[in-house]
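Student: Straight from TrEMBL, here's the annotation block:
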{"type": "BINDING", "residues": "A:Ile69, A:Tyr70, A:Arg71, A:Gly76, A:Thr77", "note": "FAD binding site"}
{"type": "BINDING", "residues": "A:Cys223, A:Cys228, A:Cys231, A:Cys245", "note": "[2Fe-2S] cluster binding site"}
{"type": "DOMAIN", "residues": "A:2-101", "note": "domain 'FAD-binding FR-type'"}
Amino acid sequence: MLTKNNLEIAAQEELAPGIYRIVLHGEFDYAAVRPGCFVMLQLPDEAYQLRRPLAIAASNETQKTIALIYRVVGDGTRLLSKLTPGMLLSILGPLGNGFSLGADNSAEEVLLVGGGTGLPPLMMLAQALNEKGYAVTTAIGFRTASMAFGEKEFEHNGKLLLATDDGSKGFKGNVGELLAKQSVKKYAKVYACGPAGLLQMVQKRFAETETEIYLSLESRMACGVGACEGCVVSTKDGIFNKRVCLEGPVFDGREVIL
Amino acid sequence: MTIAGRLAVELPGLKLKNPVMPASGCFGFGDNRYAEMFDLNELGAIIIKAATLKQRDGNPVPRIAETKSGVLNAVGLQNPGVDVILHDKLPVLHKKYPELPVVANIAGATEAEYVKVAQKMSASGMVSALELNISCPNVHEGGMLFGTDPTTARRLTEAVKEVSQVPVYVKLSPNVTDIVEIAQAVAAGGADGLSMINTLLGMRIDLKTRKPILANKTGGLSGPGIKPIAVRMIYQVSRAVDLPIIAMGGIETADDVIEMYLAGASAVAIGTAHFHNPTACPDIIEALPRKLDELGISSLRDLITEVRSAQTNDN
């Protein structure tokens, strides 16, 4: 059953310029959380009519906390970044289908590809896949070294390939160029989250392989529960036949049309 | 059957245990996760997503943009078409909530399409009333074009009334110079009631791309920002036309509901409020009796009578 709950801000920190991690504490349907799920967060100001869809970066049922990571993109997220511990936020969730993890005790090699605010759901995914026994490689890209975050989490759960546009850390170039230098045939699954260009790159790169492709999409949405048809996406089976909030946000990369 | 209780109201085709219903387009066909959060049987009724004759894919994305105290949408009447709705959607809704009155919003690109959809929908036995959508601002044919000219609006109402087996509520557009003129025209066309207001045509522009945020460029503005416009229009129309009005436009609380009644409404629909408060409808239903106590109002039926007779004295 879906519920909205008031969760208390336990902590908030700036991970990189304009990138914040907020930890919320309280009652929540933790058992229903899967990597790739998101919540709709209500800002504490009624002028904001729409909840913000934010991916869950970590979930801890024992401590009753979830962590969200977001980028300040407008007035709403700026307001969110100024909120301090102790304040309550209305959270609707968990929402969305989440990533398909596959069998336990698999030794298969899997690749995670992310950029920008696509990283948070991959953090939770990397941990879940590592715990299942998969050999996880994560390829992530940033504009420059000072914008990087999440390296520790990904290194803890596997191998990390890092790219920066200006070469100030790791490979010089974007994630697509980084992957162009690698053989990707060995990966049984690829999971990607990030801007449309990055997802299209993954779709193209793996089109001729046997690799399972899972893409997590971002969309402007109003309801988050499949009611408003605001966040539709097309697949091979039809035009605007799926909703990012309900049937997604994770789609089969061979079905979804970007 | 008579409906008892202080919140009960009776409109043509609609005997409602309370006056609160989700507005069209904000609640699908009841087939979404809002239904996990409360029992839809608590609702007075439900107005389902617009139905057209054939499947419509809707507009490209982005379809949603936020504004201060409002939301712009340009979904474009995406729906699977009346036959699929009658075959797959309504039977499920009806089976799950047999007591829940259903109002079917219908739209079309031509008069002939409206008439066919009205025929099929009203003959289904699963809907209590039709809401004739002559006010959608997000489609390029039909929609609002039928709702901005009094002669066209009247003719369409007559044509739909001729075939409909259930009462017809005409949903009016606020994007007109004189909404009273349109209301009078559809009343003359035989409308059983009015539904008002639909969204206001608006736009937002992205500072970085320098282009409109919505792929459709323009969209319909809803939410509390438009409530004063809805109140004013309902106030004006209810004084000029003797038809029951289902009020909508930024309603979020029991206070807002009473304000709509004081303007001249007989029932209310809740739309955009769901997006920040998914349980807006049951919350309002729960809060209404206390609000009536506080204001010394015995029942909504009495309130309607009082407001209507005060209007007559005004005139």
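Placement of Cβ uses the backbone N, Cα and C atoms for every residue, glycine included.
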Student: Just name the winner among A:Ile69, A:Cys223, A:Cys231 (the binding-site residues) by count of other CB atoms within 10 A of its CB.
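Tutor: Per the Cβ count within 10 Å, the most buried is A:Cys223.
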Student: Go through the binding-site residues A:Ile69, A:Tyr70, A:Cys228, A:Cys245 one by one and keep only those whose Cβ is less than 8 Å from a Cβ of chain B; report them in sequence order, or 'none'.
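Tutor: Cβ contacts with chain B under 8 Å: A:Cys228.
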Student: Reduce the DSSP letter at A:Arg71 (FAD binding site) to three states and note it down.
Tutor: strand
Student: So if I draw a 10 Å sphere around the Cβ of A:Gly76 (FAD binding site), how many other Cβ atoms end up inside it?
Tutor: 19
Student: Cβ-Cβ under 8 Å from A:Tyr70 (FAD binding site), same chain, 6 or more residues apart: which ones?
Tutor: A:Ile19, A:Tyr20, A:Ile22, A:Arg52, A:Leu54, A:Thr77, A:Leu80, A:Thr117, A:Pro120
Student: Once near-sequence residues are set aside, which residues in the chain of A:Cys245 ([2Fe-2S] cluster binding site), 6 or more away, have Cβ atoms under 8 Å from its Cβ?
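Tutor: In sequence order, the residues whose Cβ lies under 8 Å from that of A:Cys245 ([2Fe-2S] cluster binding site) (at least 6 apart) are A:Pro53, A:Leu95, A:Gly96, A:Ser219, A:Met221, A:Cys223, A:Gly224, A:Val225, A:Gly226, A:Cys231.
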Student: Could you tell me how many residues in the domain 'FAD-binding FR-type' (A:2-101) are helical, how many are strand and how many are coil under DSSP?
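Tutor: Taking the domain 'FAD-binding FR-type' (A:2-101) as a whole: 11 helix, 50 strand, 39 coil.
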Student: Cβ within 8 Å of the FAD site's Cβ centroid: which residues qualify beyond A:Ile69, A:Tyr70, A:Arg71, A:Gly76, A:Thr77?
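Tutor: Result: A:Ile19, A:Tyr20, A:Arg52, A:Leu54, A:Val72, A:Val73, A:Leu80, A:Ser81, A:Thr117.
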Student: Taking only the Cα atoms, work out how far A:Gly76 (FAD binding site) lies from A:Cys228 ([2Fe-2S] cluster binding site), in Å, as a whole number.
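Tutor: The separation of the Cα atoms works out to 21 Å.
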Student: What is the number of other Cβ atoms found within 10 Å of the Cβ of A:Cys228 ([2Fe-2S] cluster binding site)?
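Tutor: Around A:Cys228 ([2Fe-2S] cluster binding site), other Cβ atoms within 10 Å: 29.
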Student: Looking only at the domain 'FAD-binding FR-type' (A:2-101), what is the mean pLDDT?
Tutor: 97
Student: How far is it from A:Cys228 ([2Fe-2S] cluster binding site) to A:Arg71 (FAD binding site), counting Cα to Cα, in Å?
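Tutor: It is 25 Å, counting Cα to Cα.
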Student: How many neighbouring Cβ atoms, not counting its own, are there within 10 Å of the Cβ of A:Arg71 (FAD binding site)?
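Tutor: Neighbour count, Cβ to Cβ under the 10 Å cut-off: 15.
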Student: Counting every protein chain present, what is the number of Cβ atoms, excluding its own, within 10 Å of the Cβ of A:Thr77 (FAD binding site)?
Tutor: 17
